[in-house]
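Feature annotations, courtesy of TrEMBL:
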type	residues	note
BINDING	A:7, A:34, A:148, A:150, A:248, A:249	Mg(2+) binding site
ACT_SITE	A:110	active site
SITE	A:219	site 'Important for catalytic activity'
REGION	A:241-289	region 'Disordered'
ACT_SITE	A:249	active site, proton acceptor
DNA sequence: ATGGCGTGAGTTTCACGA
């Protein structure tokens, strides 16, 4: 199962990039952030194109800002919008949607930006993260939290840590809130796959930042133990940040092996039904004449 | 030198982003 997450920065503007990307990468589950569309507008814009590609859709949006979605062709069950117990700013914002896809509880999240560390928005960000942690803690064992967390987990996830010192996305309380979420047993699967490499997912549109590879890694795929054990590949699709009309974020793509207890059945026959001895099976005879 | 670029709503710019 291929799972991807992408902050598209307006799904309407990104349509000419999103549809070809779906056809090229063929993800089974896609978490989107910053869709910037109300749910009906999302369905009107994308419903037919996604259905044609076999995707079911759980969209949770607003007319102007924020907005998240999950697209899945691996099942889409028990959809829940929002984060129980999370604060608003002041109203509830469309920043999370969860669904069970292929046996995994998938969360598509767009964590509040935080703006500046002395702001109400920053406190909102930390409280929102604490509420998300509770939802994940009380949820199924097989879980993935995918999305734009608006936190660079470590200094290696920022092109110039000195330039960001004291600013949002890198402060100790934000990193602590992310660490508390991860302490539930979630693995940062891209960093674990690329422990020493320069890996970013976001580059400012301005000043040739992408061209110079001056970015941040703030879009994460976090996977619980049993899911992390199935990771075959985990990478940032930088190609999607190139060319005409890109988002300022690149997608993150993770490939999972089949679940050991999935619907493919047992790998070996159970003891009560031993495999037949070699040579004991009669093959059907070809009809003669 | 706090610039720069892109987006949405809606209009002679503003709010937001990270």
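Quick reminder: no glycine exception, Cβ is built from N, Cα and C everywhere.
Any TrEMBL annotation is an automated prediction that lacks curation.
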Worksheet item: Out of A:148, A:219, A:248, which has the highest number of nearby Cβ atoms, where nearby means within 10 Å of its Cβ, if these are the recorded positions?
Response: A:148
Worksheet item: Where residue A:248 (Mg(2+) binding site) and residue A:219 (site 'Important for catalytic activity') are concerned, what is their Cα separation in Å, rounded?
Response: 11
